[in-house]
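S.K.: Below are the features I grabbed from Swiss-Prot:
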BINDING   Ala489, Gly529, Thr530, Gly531, Lys532, Thr533, Leu534  ATP binding site
COMPBIAS  221-232  compositional bias 'Pro residues'
COMPBIAS  266-289  compositional bias 'Pro residues'
COMPBIAS  337-347  compositional bias 'Polar residues'
COMPBIAS  382-418  compositional bias 'Polar residues'
MOD_RES   Thr400  phosphothreonine
REGION    89-111  region 'Disordered'
REGION    200-237  region 'Disordered'
REGION    258-293  region 'Disordered'
REGION    337-429  region 'Disordered'
Amino acid sequence: MISSTSVYGLKMQWTPEHAQWPEQHFDITSTTRSPAHKVEAYRGHLQRTYQYAWANDDISALTASNLLKKYAEKYSGILEGPVDRPVLSNYSDTPSGLVNGRKNDSEPWQPSLNSEAVYPMNCVPDVITASKAGVSSALPPVDVSASIGSSPGVASNLTEPSYSSSTCGSHTVPSLHAGLPSQEYAPGYNGSYLHSTYSSQATPALPSPHPSPLHSSGLLQPPPPPPPPPALVPGYNGTSNLSSYSYPSASYPPQTAVGSGYSPGGAPPPPSAYLPSGIPAPTPLPPTTVPGYTYQGHGLTPIAPSALTNNSASSLKRKAFYMAGQGDMDSSYGNYSYGQQRSTQSPMYRMPDNSISNSNRGNGFDRNAETSSLAFKPTKQLMPSEQQRKFSSQSSRALTPPSYSTAKNSLGSRSSESFGKYTSPVMSEHGDDHRQLLAHPIQGPGLRAATSSNHSVDEQLKNTDTHLIDLVTNEIITQGPPVDWSDIAGLDLVKAVIKEEVLWPVLRSDAFSGLTALPRSILLFGPRGTGKTLLGRCIASQLGATFFKIAGSGLVAKWIGEAEKIIHASFLVARCRQPSVIFVSDIDMLLSSQVSEEHSPVSRMRTEFLMQLDTVLTSAEDQIVVICATSKPEEIDESLRRYFMKRLLIPLPDSTARHQIIVQLLTQHNYCLNDKEFALLVQRTEGFSGLDVAHLCQEAAVGPLHAMPATDLSAIMPSQLRPVTYQDFENAFCKIQPSISQKELDMYVEWNKMFGCSQ
């Protein structure tokens, strides 16, 4: 009967003659066979009675399970041990029993550590001799080429590296590999860290302490290996008495290490623990050159290695730095580090990055320190003197935009260059990209309207006087670090209203589209010194916008002749630096109902301001927010209140805010106040504005100076001054009084009830 089975998809023919093959070679019941032979016999029975029978459905699953259990028990009951060869161990004469309690079929063990089993040695222990003459005779003489750790029965036809121990005295180790070529190395091989006992002599093969019974009995004989190939490269020659080796690199030019701590040659090997006590551990020579690799020369400056981190931003910076060295990166990339960064404590109000090209980045407030808004900049390169003037303040404050300048130009000064050097970046080849400044740019017809408006802005800029642009850039655009909500003491209700009714509709116009108009104009009214300007700067920081600060009193008193043109130029520059926040203080001086003359300078200023404000309110593409502040809201013309979509009252600071202001101001000085004295200060400053509290703390801080004897103040060191005490505040209360009367406070409350937004 011929049965067939499928193993891994291959059809195999099986006959009973095949099943009888193990019995033709092994006999389980024989008493002369070694345990290893019995194991092979059990494997044959397993294959015949279990695997193939079960595969052909000759037996059931239960029968197969019983057979598997039976032969597994017999298989595990055989303990393979040494038969006719000594074992390098010191076991007892009685063989160990099995854990499962079965009979031990192995032969009694004989201790091998005796005087006859130890080879006499002079200084270095020789390799263990071949197992026996029977094993050696079973293998061809040329087949003893396996290195340490390989099986003596499996001949290798590969040339392996062979080493021999160095000689000590007159003892020479015989070689069993004389007929085989040793592993040879090219002249470029650096042997600085080779073992001191290695040489080019062949190493006798170490036979396995447990040779396979098939090979030891001569049943399986591998074919002889092919003749060894001739050596292609000259080998190195070593003598037997060298203490260490250092082969110079000849194939490749030497190359020094790339960076500190990098060693291409690898670390020297640790001291050998297996060496006899009579032989010292090898002492490696430090490598002087690194062989084998050459690097293409380049003119780039080496980059210092930096620590690896998980920030994607680091990889981008490293990539940008590398590209800068190759000259493939846009030069405008370097502008990102100058821009004013957004506060990290309020990520909800950050403008998202919409992949604005590098060529369209300006020097205004950055969105996230990498994507900046459109900037109004000259087309030609600035001269070194101009660059020093423009960016002189950047060395001390990295958050300040470079477009801000500390130098002030006089009103009568005019630039010697024509206005033609100024062009609007909106009209650049990436002019349409400015629509990506907000998270959700206007779509549809608004794009065509923006293009036409850009042409109009560019034409108006060309017709504007140069010194007006300089005046707006140097004096009206205000520099300063970003302001966060935590920098403003108190005013929690006002902050919440601004966030919900001003910032959210501007930042997420898609979510608020169709529900309400964008609040592009805000009126902040209240007593002086309550933080209206600080709120305007905070809104600009949250929007990532350029902050324009126009003083209404300065327009009327200082710039009365050019106030109309200054307002016009300010809005033009704001359109070029979108998003922008224009803050106008003392707006009551421009919009007062007492202005009656139609052609007066104040009337012309008001007309120009209202025209520009109306353009901002009706424009779909302008990203400009106008914030006006006043301490006299009742003087604003009733017909002009409609221009302000939000009218918010900024009240006096409460007790918590006053405590925060006092602590913040005193941290700059040395003071000695306890909690009770702080509570008294907060109580006595009831009715003070934030500016009044600041004046009080400044007056108290100079108290230690007044207590000093009448000497030269230049010789007094700060450490010589005593701390600020509560008595200094007592003296300051005699000089500083609240600047807001109760009548004014009542007026603000009434006006807020009538015309303000409920808070």
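Here the Cβ of each residue, glycine as well, is placed from N, Cα and C on the backbone.
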S.K.: For the recorded ATP site formed by Ala489, Gly529, Thr530, Gly531, Lys532, Thr533, Leu534, name the remaining residues of the chain with Cβ within 8 Å of the site's Cβ center, in chain order.
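M.R.: Surrounding the site, in chain order, are Ile488, Leu491, Leu535, Ile650, Gly690, Leu691.
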S.K.: Excluding near sequence neighbours, so keeping only residues 6 or more apart in the same chain, what lies with its CB under 8 A of Gly529 (ATP binding site)?
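M.R.: Sequence-distant Cβ neighbours: Ser689, Gly690, Leu691, Asp692, Ala694, Ser739.
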S.K.: Select one residue from Ala489, Leu534: among these binding-site residues, choose the one with the most other Cβ atoms within 10 Å of its Cβ.
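M.R.: Ranked by Cβ atoms within 10 Å, first place goes to Ala489.
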S.K.: Quick check on the binding-site residues Thr530, Thr533: which one has the highest count of other Cβ atoms within 10 Å of its Cβ?
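M.R.: Checking each of Thr530, Thr533, the winner is Thr530.
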S.K.: Determine the Cβ neighbour count for Lys532 (ATP binding site): the number of other Cβ atoms within 10 Å of its Cβ.
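M.R.: Looking across every protein chain shown, the total is 24.
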S.K.: May I ask which residues of the same chain, at least 6 positions away in sequence, place their Cβ under 8 angstroms from the Cβ of Gly531 (ATP binding site)?
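M.R.: The answer is Ile488, Ala489, Leu491, Ile650, Gly690.
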S.K.: Please report the three-state DSSP label of Gly531 (ATP binding site).
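M.R.: It is coil.
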S.K.: Given that the record lists Ala489, Gly529, Thr530, Gly531, Lys532, Thr533, Leu534 as binding ATP, what is the largest C-alpha to C-alpha distance among them, in Å?
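M.R.: Max Cα-Cα spread across the ATP binders: 13 Å.
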